[in-house]
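Peer 1: Pasting a structure here, questions to come.
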Amino acid sequence: MDSDQIIVIEEKNGEAEPASVVAAGPERFINRELSWLHFNRRVLEEAVNPSHPVLERVRFLSISANNLDEFFMVRVAGIKAQVREGITERSPDGLTPAEQLVLINEAVSRLASDQQAIWRDLRGILTEAGIVLLDGRDATKSQRAWIEDHFLHNIFPLLTPLAIDPAHPFPFIPSLGFTIGLQLARVSDGKSMNALIRMPGKIDRFIRLPPNGKDQSVRLMTLEQATSLFIGRLFPGYVVKGQGSFRVIRDSELEIEEEAEDLVRLFETALKRRRRGSVIRLEVDSTMPEELRAFVQRALSTADDEVLLVDGVLAMNELSQLTRVDRPDLEFPPYVPRHPERVRDHGGDIFAAIRKKDLIVHHPYESFDVVVQFLQQATRDPDVVAIKQTLYRTSNNSPIVRALAEAAEAGKSVTALVELKARFDEEANIRWARDLERAGVQVVYGFLELKTHAKLSLVVRREGNTLTTYVHTGTGNYHPVTARIYTDLSYFTSDPIIGRDAARVFNYITGYAEPSDIEKMAVSPLTLRKRMLEHIRGETAFARHGKPAAIWLKMNSLVDPDIIDALYEASRAGVSVELVVRGICCLRPGVPGLSENIRVKSIIGRFLEHGRVYCFGNGHGLPSAKAAVYISSADMMPRNLDRRVEILCPLLNPTVHQQVLEQIMVANLKDTEQSWQLLPDGSSTRMKAAKGEEPFNVHNYFMTNPSLSGRGKSLKESSPRRLTRRSERHQSP
């Protein structure tokens with residue numbers, strides 16, 4: 001195979017097919033931004049999934065819209081900045097920033113059009129189910145009277161009509177700000193003017209009307225439609241000649257100076273600057289008159305390619321508010337997470353349960369309460385002398401923060417690493433940091449140039465004449481709310497080696513001293529990349545020597561070129577590579593001569609797949625008791641491997657090893673009901689069970705089957721259904 005050959009992707013009937021392939025050229029990578037858009041399309045496809053209740057389908061539509069907003073605020077904003085600065089450096093797949101923008105705009109245009117079409121269908125289904133969205137013209141006389149009364153008492157006081165003239169310049173519109181633009185004419189002399197009405201951001205988008213007699217249908221009207229009915233109340237003496245809504249999305253990246261004496265004040269200043277970031281996207285109601293649209297564009301300094309004309313509803317992310325309607329028959333049946341019985345076997349003493357044996361808690365199927373309990377018990381336990389904790393994201397009124405504060409107030413040594421650079425949670429984290437400092441917690445902020453993304457909690461307890469270290473590490477945030485909908489793994493252990501490694505990680509973060517003696521864990525940006533490459537290359541060597549060789553990896557994103565190239569090399573050597581990648585995947589699977597032994601699937605369903613699990617056969621194939629199995633906070637992206645503090649933690653206890661490898665990973669690979677198979681061109685197709693094989697839903701399996709490490713004594717009476725994988729590959733339609 002010549003080193004200067006490249007992958008060529010040919011189009012056939014609208015689908016990309018590999019024509020000739022090798023490893024050298026940039027075409028071996030899928031563009032990161034386009035791969036993300038493919039992922040968001042998979043999310044959107046769940047909004048048309050007939051097996052989901054209609055309010056859940058609305059939720060998926062809202063999620064896809066919210067995802068797209070953040071994509072523009074962060075990714076598109078960054079690429080536009082590169083274009084503005086004249087940067088022409090190519091991405092790993094060979095595209096300049098300007099070329100990427102063209103392809104992004106084309107893909108987003110199709111995606112946005114499909115979102116509106118899906119919403120029109122869902123609106124009809126909602127109407128049939130008794131949830132009716134009224135237009136102003138649909139309202140009856142009595143409904144209009146009620147809306148007017150509601151408007152005058154609950155909306156009118158919040159609105160500020162803004163005439164635009166030399167004395168009243170165009171106001172600042174915040175990111176995601178929703179505004180009605182107006183062309184008005186004065187009744188007395190016909191003089192025209194432009195005006196704006198900014199929609200208040202602190203009230204619900206949808207107004208619920210009272211029931212109509214015996215008809216118990218839920219009737220709703222949007223805030224902007226209700227406002228449009230009574231514009232005369234805001235501009236008396238004027239008539240409306242034209243109107244339309246618009247919404248802006250601004251650059252939300254933070255610019256942080258490298259040198260700063262006070263990191264908190266630095267971030268507070270940067271957050272104020274972010275609120276006034278440049279406009280990246282302008283969404284405009286397609287019914288807005290062209291002259292008014294041009295006026296808004298000029299005022300916001302937006303180019304034509306930054307404007308999206310919307311034939312439908314703006315701010316689709318707010319459709320999630322419809323799911324608050326009390327119609328449980330139109331939602332997924334409620335699910336109550338299990339509490340690990342093994343903790344109950346020890347009278348609720350989580351330290352005793354961990355001392356007995358390592359424990360993996362699988363969220364959201366098993367309750368996050370056990371993580372909260374771990375810290376709360378440490379707070380109350382007089383034998384606990386020290387607690388160390390990382391905080392990347394957490395919830396409002398966080399029980400984690402409260403436990404840390406109470407522990408410090410009780411005289412324990414408490415250290416909290418609060419990451420100020422957690423995107424869109426910066427303000428909340430500044431608030432938590434100050435609350436913790438007031439309680440006596442030693443708060444540190446880690447590295448200015450690195451985000452601390454590791455999930456790590458360490459409790460030191462005096463037991464007799466010795467100190468025992470209890471460790472929790474996981475794949476998800478210390479966030480009780482998202483733990484109900486994100487699939488993640490929490491690992492509890494009192495293994496002295498893991499305890500020493502965890503202490504070294506904290507010392508690295510607080511004291512900047514690079515640890516040279518970590519025993520079992522790997523830590524980015526120091527050793528995690530090296531460990532992953534060693535394992536991948538190890539499987540490659542096994543295959544070349546005729547030994548069993550297999551790699552199973554589960555993550556959110558696969559972007560790093562070195563990791564991808566190592567996986568390509570493994571595939572060419574004959575290693576069986578199975579990847580579960582929810583989001584971005586820049587690797588092209590199934591390409592002859594490059595990646596024919598690599599299969600990639602993405603699972604999209606009721607719960608958001610968030611865990612990272614990395615498994616290597618170690619010369620024994622998979623699954624095997626001899627395999628190397630890790631959980632991690634890190635995805636395989638350059639930022640995680642090089643610009644963040646992350647943890648890769650081995651699972652050494654046989655029970656948790658078996659649980660993660662033979663139960664969790666096998667179930668993920670076995671799933672056919674919620675899985676998409678990734679194709680060489682970066683697109684994906686829904687999977688279906690192979691002929692003769694029963695369909696399998698991974699989320700349903702874990703909702704109905706106990707875990708291996710958490711069952712305790714009851715495992716003998718209630719064992720999880722054992723999973724096996726057929727040798728045949730799942731077939732795509």
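Glycine residues also receive a Cβ, built from the backbone N, Cα and C atoms like all the rest.
Because the structure is a prediction, the values reported are computed rather than measured.
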Peer 1: Of R42, R461, R582, R639, which one shares the ATP site with N67, Y486, H610 in Swiss-Prot?
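Peer 2: Between R42, R461, R582, R639, Swiss-Prot records just one in the ATP site with N67, Y486, H610, namely R582.
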Peer 1: Where the distance is taken from Cα to Cα, which of the binding-site residues N67, R393, Y486, R582, H610 turns out closest to H453 (active site, phosphohistidine intermediate)?
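Peer 2: Checked the binding-site residues N67, R393, Y486, R582, H610; minimum Cα distance to H453 (active site, phosphohistidine intermediate) goes to R393.
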Peer 1: Given Y486 (ATP binding site) and R393 (Mg(2+) binding site), what distance in Å do their CA atoms have, once rounded to a whole number?
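Peer 2: So the Cα of R393 (Mg(2+) binding site) lies 13 Å away from that of Y486 (ATP binding site).
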Peer 1: Tell me whether N67 (ATP binding site) sits in a helix, a strand or coil according to DSSP.
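Peer 2: The residue in question, N67 (ATP binding site), is helix (DSSP, three-state).
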Peer 1: Determine, to the nearest whole angstrom, how far the Cα atom of R393 (Mg(2+) binding site) is from the Cα atom of H610 (ATP binding site).
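Peer 2: Rounded to the nearest whole number, the Cα-Cα distance is 14 Å.
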Peer 1: Using DSSP with the three-state reduction, classify R393 (Mg(2+) binding site) as helix, strand or coil.
Peer 2: coil
Peer 1: What three-state class does DSSP give R582 (ATP binding site)?
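Peer 2: Reduced to three states, the DSSP call for R582 (ATP binding site) is coil.
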